[in-house]
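What Swiss-Prot annotates here:
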BINDING   76  Mn(2+) 2 binding site
BINDING   851, 878, 879, 882  Zn(2+) binding site
DOMAIN    51-222  domain '3'-5' exonuclease'
MOTIF     4-16  motif 'KBM 1'
SITE      139  site 'Interaction with DNA'
SITE      980  site 'Interaction with DNA'
């Protein structure tokens, strides 16, 4: 037998025959404790499952820092089986059990590399690791990862020392011997594919139990005294006599025969049939082992080896472990690891001492049986149905003791879960292939869907109106709301949920955007009813913050979980707590507690926060949530409220079914965050210059600071440290946060940031999990985000207090290349392709010139969730692109102006991709078109007609064009054969276009103007073209912002913001004065107060706000609470505006409860002192003081009523930017009717504009006026609906409302008997009768000023001498409320048959009297009078 041949077990060697006989003798001396009916050992603690490198390192560091000297770790590893000779599976999973209640599973296989934090933990000699066969695990880790495991303790050796024996133990053997239990193991997952992501719940439980068992064994052996050691010694048990064995076999055979008769014909359809088959297989193997034992016993008896008693059997100290002879031969630690060791010589030599290797060779099986096992394994591997059958045997029993560790890449879990199911599907098992180059038809459909997914994004209706079918909250509701929560009213959706719980006792599913107020939906009801509210929350940090806020409002509350250091359980049982928070794991084990509370005190509701964790398709699945479905069965009369900030329709349906909700009320709000301003710009290589634009000068001292709390996200740790260094140079107090830091350092940074000790954190995406800081004003991404899901979550951490906040993204093309390269480290091909698709979508967002809010909302599949907030889209507060369009008067529908034709170039590139067989990335087609001699271009393509056809363009141009074609969906990237390669192929959209282009002489393809694309094209254009566009190139090439920071809201020069095409528009709009349209910055800490205040008062408000912030920080530090919990920034803003000086007035502020008003009492003194020092009015509440006393208005400003934001924007565009209604409708994505209504509201509020340009022509005005004056209306302006019926249907509603408003104004001024505007004279003074001359001798002109100024120009002196009519001759219509004090004779003649003759002056008549065009009604008015030739208008 050569050295290359497999070693034979010791029991097959002739030299060891005597030892085998002794072993057989020993086997009959031991008491048989290994019965099949032993209870299974189960791990009932929580399982932390980590599959991301950074999280793994963080958790490992946390384990290291929390361990005491006497603590040990239960340790084990898993790897997939490999049955190919010469190959071994790589370690895929590392299990670490820290206590009987917690176990960590680190899934190494999906990680990019071995986590450094975990490596430090395993190589730390001071941290003791225990396990059976752990020495073999050491060599395995050394072989796979060059990691030397240190500080380990071999439990089999420890057991031999304690029990004073020499056995070869296994996990199961020690468990059975020490605890009279057995490990529950099944073939379907013992030797399963441990490298496949995600692990199943059975796999997690199996792996955790192994590490847990090691920890229990160590504690048992460590605490074992001499007496207990003797009781566990091997060989001390009684004799297994012949009669006893025969009796057991007889009973077993009878039981089996009875089972045969009980098997039903339809047993195969039963859900547990597969499990029964597995049990029978295990039983067959056990019987085979038992048969071998009996054969060995017969041979020993034939050789004269008779055993008299137990003393004879225990003469030798050495004994062989017979306890594990009844173990399954396919046990993972026996099969999987042996398969590797037998096929690899080096690993075999390293693992000869491995406990599993040795035990496998001491089994009571023959060489023939070993050969048969190997044949069976080979047969399974060659069977195409093996994988399908194996997967179908896996059960999906839910376990309630594990949860997935949270990560900021929340959506990964959902996608990987779906891809795993896809990989295990029937199609894959049957070998269904995919089209060449990974072009799956379904993806083509997705591409088309992506192309149109941003359609249908519209503004949501105002939700301020209550549902008429739902009663409004009572005075008691409002009183409770104000007393405990500080609010004066509910939001409509909040009251809808609260009313449903209080009155209808109905289940609810609430999908509510961050910052809308989810917590009030479940906190109010138990406080109002004095009942108990149960809140299930996954994050301990969030529970702690919520409890702190409730306690500050005098609401008794607590949280129950492993992190609770206080003894609050007794208070809970006594019914002293109104709101009780608990983890899902605690809830699963505490159902009896909830039943007791409900029976004794009554549970008002059970709220399940972050309910998307229930769904396996959710982005943060936690299996412990699945057990919450039992709550409805145990407490059927308690309403359940499931809340989440994000859930698709499929996830909502899964939540409803999993929780067993009965006819739930489903409430959804939009995902839009209207207070977030979105901005994207290019970054440079100078970090300081890039970030200075977001800084302002400190008011005191030198240096810079951010405008409020700021998070700067960086793609790598190195970048975050570099950014921190640059900010420190600028004098900014900031901290760094990333996974490479120690746990104490990270906690310190988080603590200081939450308490406003530092105002900026520069972090990787690891920062933000569980953060509850509502006053973050800026979120800056210094580097391109990876995908839309994580980007939406990260920017969602800004502005949770409802105040305006900014989200900036600074990126370069190199960031996208880096992200694309990092995706190559993802081992799962399907998941890697999904990530590529998400990266392409993110690149489209960064490059887009359309509304960025619209792109983000289009990512959500639910139309209700995709709706934008009313009045935000198209305004300067929406995003940088919308702001640019407003400044340059660019219509949102002017797409042709923003597109350029790249048809010939696109045809060449797409054809090149097709010619090359769609087998390469974007680089090879570029080399092919450029005629490169690179070896990357196959020689067989060099004679093609397209080869070197693109020399007229630069390599950079072709690369940019390729990215643009991918972004627009004509090309797509998919994973190549290796992890780091990508393949560029045609989508269905690209294929269809190419077919169409082949039949055209000059193909055309309009692509959105892109800075880089146009710039590269310009560089290679002819000299004349370059000269023609030379004025535009500098604008296009300037991708950076101004390097100097600005204290004001303006962020950058206009030319640096525009794309190549938009630069040309800038020159056209250069004549527009900057002062004519003043943009409201979205970065301000507070909205402009209504009505407008004077500049002096605004400046004082800002100063007072700063002092209040300082005072709040002092109070928070004294009380050791978070400043934002004490008082949000919105409360401080309101205090600066309204300046309360008493506790009662303080309570009037929204968000200030009874309890908080007492805590904030010191702020009242700050307000008093400041107002006295600056002579500023205090307690500026409605009705407390007159308007003139509290503000600094001029008389003309008092005439105007403030407008809502949306109406103000439409008015500004129309009046100050001189845009038409159609243009405004295009820019703001509104209908012309809506814009017209905005202008009518502005007119009604006292704002002036040209109504004729707004669509109210003289003919239309005359027609509407006539309809109002004649019966049956009879000048009654109170009913718009009645007037509408008598106006032609082709006239919109807003012109009618404008006429009504004009007539009301005229009537109001006439009733007062005084000029409408006291600063202007409205009567012409004559010598004869200066008091009775009417206003008709003047020309009224509405100018373009801010207020309705009416310019009066006197007519020619000759026409000013009038004979005034007598009072008795005036027409009766003079008494109408909307007429002026005196009208001209022409007007009176229309309504009165007898009219005194007058000498009329030569003057201009209103234009709507002199028209000869129009309908029959208009012509009828003119029959009795020939109007003057000269026409005029009150509104020119």
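Cβ from N, Cα, C; glycine included.
Sequence features, as recorded in Swiss-Prot, placed on the structure.
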{"residue": "76", "record": "Mn(2+) 2 binding site", "Cβ within 10 Å": "26"}
{"residue": "139", "record": "site 'Interaction with DNA'", "Cβ within 10 Å": "20"}
{"residue": "851", "record": "Zn(2+) binding site", "Cβ within 10 Å": "25"}
{"residue": "878", "record": "Zn(2+) binding site", "Cβ within 10 Å": "27"}
{"residue": "879", "record": "Zn(2+) binding site", "Cβ within 10 Å": "28"}
{"residue": "882", "record": "Zn(2+) binding site", "Cβ within 10 Å": "27"}
Rounded distance in angstrom between the Cα atoms of residue 851 (Zn(2+) binding site) and residue 76 (Mn(2+) 2 binding site): 53
Pairwise Cα distance for residue 878 (Zn(2+) binding site)/residue 139 (site 'Interaction with DNA') [Å, integer]: 59
Residue 882 (Zn(2+) binding site): secondary structure state under DSSP, collapsed to three categories: helix
Conformational class of residue 76 (Mn(2+) 2 binding site) under the three-state DSSP mapping: strand
851, 878, 879, 882 excluded, remaining Cβ within 8 Å of their centroid (Zn(2+)): 678, 852, 853, 854, 872, 873, 874, 875, 880, 881, 883
Pairwise CA distance, residue 879 (Zn(2+) binding site) versus the residue listed as 'Mn(2+) 2 binding site', rounded so that it is a whole Å: 52
Rounded Cα-Cα span from residue 882 (Zn(2+) binding site) to residue 139 (site 'Interaction with DNA'), Å: 61
DSSP state at residue 139 (site 'Interaction with DNA'), helix/strand/coil: helix
Rounded Cα-Cα span from residue 882 (Zn(2+) binding site) to residue 76 (Mn(2+) 2 binding site), Å: 57
